[in-house]
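> Below you'll find the structure I mean.
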Amino acid sequence: MTSAESLLFTSLGPSPSSGDGDCRFNEEFKFILLPMSYAVVFVLGLALNAPTLWLFLFRLRPWDATATYMFHLALSDTLYVLSLPTLVYYYAARNHWPFGTGLCKFVRFLFYWNLYCSVLFLTCISVHRYLGICHPLRAIRWGRPRFASLLCLGVWLVVAGCLVPNLFFVTTNANGTTILCHDTTLPEEFDHYVYFSSAVMVLLFGLPFLITLVCYGLMARRLYRPLPGAGQSSSRLRSLRTIAVVLTVFAVCFVPFHITRTIYYQARLLQADCHVLNIVNVVYKVTRPLASANSCLDPVLYLFTGDKYRNQLQQLCRGSKPKPRTAASSLALVTLHEESISRWADTHQDSTFSAYEGDRL
């Protein structure tokens, strides 16, 4: 057994082999795949999210509810990508972590903090869209920017609170001259970590994903009704774009990662056949960069669904100055919402899409 193989086996946890208890992994692919993947996510994520934060802070105020959710989504993505250089070094150095236990805990914590904050912020956007399309009067009440800000603060705190045990599970472990930064925990604590991780997954991924699917199913049923008017067609197109982008992020980033991670954890707990466990391990490691890629895909949501964001981004790329805000444009959101209430009261049905017209980035 080579030293590299011994190191990889030590990091596994409970011995998965049903024979002599020695199941060695050949993870050479990981030392190429993960550094390259995380480096790409770092460059693209920072290049896409840093200008987004600047636009939200200096060119897109005042925010409506959707802009509030998207700002916090971009902030979460930016914080995460800033931690990726340490992981690039760690995997390029073949599982050697020289940065101390505290930073190991923080980087692993930040991965899941970003992951589940992103899930919940996308769920907030989905519910907000659903209310604007299917229940416009409730959208006026619950879609206020102040309520959205409080909800975002709650998301940050709830996710952080749920992940506090992760700070105790994750640790470093010396193996000769190499120091491991566990992405789970020590072998003797692995079964407890799986129970904790499964509970967090159900609460912060399973339930929000179910809510998102229900909202978009109800939205799709309403959106495919025939509607007159160009403005309503524009609103419908924007909503369909939102559905497409959010479901793509879930399908590409979140769902594969959680499925393969669950299979991998259970295979280790049940001490599956070594050959099976090797295959599961490879598939799981491949989906980890996909989970990080949501930091690059989220900006597509702002670009496809936000007219104001798209216009300001074009001005920023051209180096032109923003146009001065007029009183009429400052009051546009209020006027359009008031108009939507009037239309809804008159028709009780088809103008529900207009209630969302003012909610443009």
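Quick reminder: no glycine exception, Cβ is built from N, Cα and C everywhere.
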> Is it true that Swiss-Prot lists ARG141 and TYR224 in the same topological domain, i.e. on one side of the membrane?
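Judging by the topology that Swiss-Prot records, the two residues are on the same membrane side.
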> Kindly point out the range from 1-20, 221-240 that Swiss-Prot annotates with region 'Disordered'.
1-20
> Can you tell which of CYS23, CYS181, CYS215, CYS253 is bonded to CYS104 by a disulfide, based on Swiss-Prot?
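Among CYS23, CYS181, CYS215, CYS253, the cysteine that Swiss-Prot links to CYS104 by a disulfide bond is CYS181.
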> For the disulfide-bonded residues listed here (CYS104, CYS181), which one has the lowest count of neighbouring CB atoms within 10 Å of its own CB?
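It is CYS104 that, of the disulfide-bonded residues CYS104, CYS181, has the fewest other Cβ atoms within 10 Å.
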> Per DSSP, what is the residue tally for the topological domain 'Cytoplasmic' (59-68) in helix, strand and coil?
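Split by secondary structure, the topological domain 'Cytoplasmic' (59-68) comes out as 4 helix, 0 strand, 6 coil.
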> Give me the CA-CA distance between ASN175 (N-linked glycosylation site) and CYS181 (disulfide bond), in Å, as a whole number.
11
> Counting Cβ pairs under 8 Å to the transmembrane segment (69-91), which of 31-58, 109-127, 243-265, 284-305 comes out on top?
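So the stretch in question is 31-58.
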> Quick one: average pLDDT across the topological domain 'Cytoplasmic' (306-361), no decimals.
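On average, pLDDT over the topological domain 'Cytoplasmic' (306-361) sits at 50.
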